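Below is one structure, written out as structure tokens; comments come after it.
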Amino acid sequence: MGKFAKKLERAIRGYTFDDVLLIPQATEVEPKDVDVSTQITPNVKLNIPILSAAMDTVTEWEMAVAMAREGGLGVIHRNMSIEEQVEQVKRVKKAERFIVEDVITISPEETVDFALFLMEKHDIDGLPVVENEKVVGIISKKDIAAREGKLVKELMTKDVITVPENIEVEEALKIMIENRIDRLPVVDKEGRLIGLITMSDLVARKKYKNAVRDENGELLVAAAVSPFDIRRAIELDRAGADVIVVDTAHAHNLKAIKAMKEMRQKVDADFIVGNIANPKAVDDLTFADAVKVGIGPGSICTTRIVAGVGVPQITAIAMVADRAQEYGLYVIADGGIKYSGDIVKAIAAGADAVMLGNLLAGTKEAPGKEVIINGRKYKQYRGMGSLGAMMKGGAERYYQGGYMKTRKFVPEGVEGVVPYRGTVSEVLYQLVGGLKAGMGYVGARNIKELKEKGEFVIITSAGLRESHPHDIIITNEAPNYPLEK
């Protein structure tokens with residue numbers, strides 16, 4: 001047998017989500033009692049094992065806020081200027097900040113018309129009134145109603161309650177409730193305004209009990225960068241990004257690895273590198289905190305067809321996870337997940353968390369454009385290797401950044417629409433519910449036990465058909481089993 005024929009002889013068999021099921025085990029575990037929290041880097045623990053993809057139709061600041069509030073993590077895409085991405089990170093960090101530091105204020109000598117202008121411009125309901133850096137009053141929209149032309153000092157509330165900067169959340173809430181006020185100025189020892197506490201922020205903090213926050217009480221957020229854009233990584237790190245995600249189609253590129261090593265030395269944030277599908281890549285990426293697995297499994301990705309390269313996702317996860325375990329690296333499975341059951345399978349195969357694109361692209365918080373087709377609402381969804389995304393700036397992800405000036409792009413993705421699915425909260429509720437159900441069947445109390453106890457059975461195409469609803473016309477669509485994908 002010749003050397004080329006031997007390639008086929010030693011070829012491994014690859015499996016993806018539809019090729020396997022998990023075998024049910026004897027269990028005392030109830031789905032309601034399982035712990036789905038997971039560690040994805042040394043310093044970042046999520047309360048649900050889900051990240052939103054760094055795609056320009058999936059994750060911007062609104063998605064990142066929603067993900068963090070539900071216990072996951074949003075990765076803000078890089079198909080924008082550095083300044084725009086930095087601002088997006090800052091918006092997430094400010095979304096539930098206990099003490100707002102960049103306070104919009106007004107002078108008592110200004111008109112109420114200008115006060116109203118400031119409130120509408122910044123989407124707020126009230127302003128501290130400041131003179132010589134000291135708080136002399138508070139003015140709100142209800143104070144201004146039908147009072148055009150008057151000065152702020154004539155209508156402001158003058159008896160202002162202030163608090164010191166070391167105040168605790170519960171104490172601030174108690175003061176606001178007892179005094180029936182919505183805003184609490186924070187002052188230093190000299191009485192100068194240094195921040196503001198609002199009732200809306202405190203209510204939000206109490207509402208989202210599963211939220212993931214940093215040591216300052218701010219929501220966690222990640223941001224994507226090119227392996228060659230060190231300046232972007234540094235700026236995002238300074239802006240407060242908790243995780244830098246190096247976002248490239250093929251992270252086992254030696255030039256990229258050299259650049260990533262340099263980048264790693266210049267940022268303090270935790271460091272995730274992707275994407276890979278070969279365990280040998282892990283040997284060269286040990287400087288990372290986690291690796292992201294997936295070459296071509298996504299619904300909008302054509303890499304496997306255009307380039308002929310990839311590894312079926314379950315096999316890729318398992319091979320990479322085995323190697324990553326040797327180095328103490330975390331594993332994120334990126335792409336190919338269609339149902340909640342696929343999340344269970346991905347974790348049982350060795351992943352610590354999954355990254356979702358398609359399943360979140362149809363949500364209210366996703367930045368994709370809404371369209372109506374035959375009376376039904378859809379949202380735009382495209383691969384970062386699609387022609388539109390590459391034209392906007394995503395070509396570098398596929399090592400085609402220099403092509404525009406000399407030739408046409410060679411896309412590795414498509415553009416389309418996905419059905420509107422409601423809010424992120426609604427979608428994640430179903431996905432996490434399915435994960436918990438799967439853990440109950442396997443007898444896993446937590447993510448670690450799911451990885452240890454999960455045992456696979458390989459199924460045939462007949463087994464797959466049997467797994468889906470059959471021999472029935474479905475009249476009522478289930479929220480976790482859409483008829484239209």
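Keep in mind that glycine also has a Cβ here, set from the backbone N, Cα and C atoms.
According to Swiss-Prot, the protein has these features:
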- 99-154: domain 'CBS 1' (DOMAIN)
- 156-215: domain 'CBS 2' (DOMAIN)
- Asp247, Gly294, Ile295, Gly296: NAD(+) binding site (BINDING)
- Gly296, Gly298, Cys301, Glu466, Ser467, His468: K(+) binding site (BINDING)
- Ser299, Asp334, Gly335, Gly336, Gly357, Asn358, Tyr381, Arg382, Gly383, Met384, Gly385, Glu412: IMP binding site (BINDING)
- Cys301: active site, thioimidate intermediate (ACT_SITE)
- Arg397: active site, proton acceptor (ACT_SITE)
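The Cβ neighbour count for Gly335 (IMP binding site), using a 10 Å radius and every protein chain shown, is 26. For the pair Gly383 (IMP binding site) and His468 (K(+) binding site), the Cα-Cα distance reads 27 Å. The number of other CB atoms found within 10 A of the CB of Gly294 (NAD(+) binding site), across every protein chain shown, is 28.
The binding-site residues near Gly294 (NAD(+) binding site), taking a 10 angstroms Cα-Cα threshold over the set Gly335, Gly357, Tyr381, His468, are Gly335.
A Cα-Cα distance of 4 Å separates Gly335 (IMP binding site) from Gly298 (K(+) binding site). Here the domain 'CBS 2' (156-215) returns a mean pLDDT of 87 for the predicted model.
For the binding-site residues Asp247, Gly298, Cys301, Glu466, Ser467, His468, a Cα-Cα cutoff of 10 angstroms around Gly385 (IMP binding site) retains Cys301.
Note on Cys301 (K(+) binding site): other Cβ atoms within 10 Å of its Cβ, all shown chains, come to 24. Neighbour counts of Cβ atoms within 10 Å were taken for the binding-site residues Gly296, Gly383; the minimum is at Gly296. Each residue in Ala249, His250, Gly274, Asn275, Ile276, Ala277, Lys292, Val293, Pro297, Gly298, Cys301, Thr303, Gly310, Asp334, Gly335 lies on the same chain as Asp247, Gly294, Ile295, Gly296 and has a C-beta within 8 Å of the C-beta centroid of that NAD(+) site, without being one of the site residues. Listed binding-site residues: Ser299, Ser467. The one with the lowest count of other Cβ atoms within 10 Å of its Cβ is Ser467.
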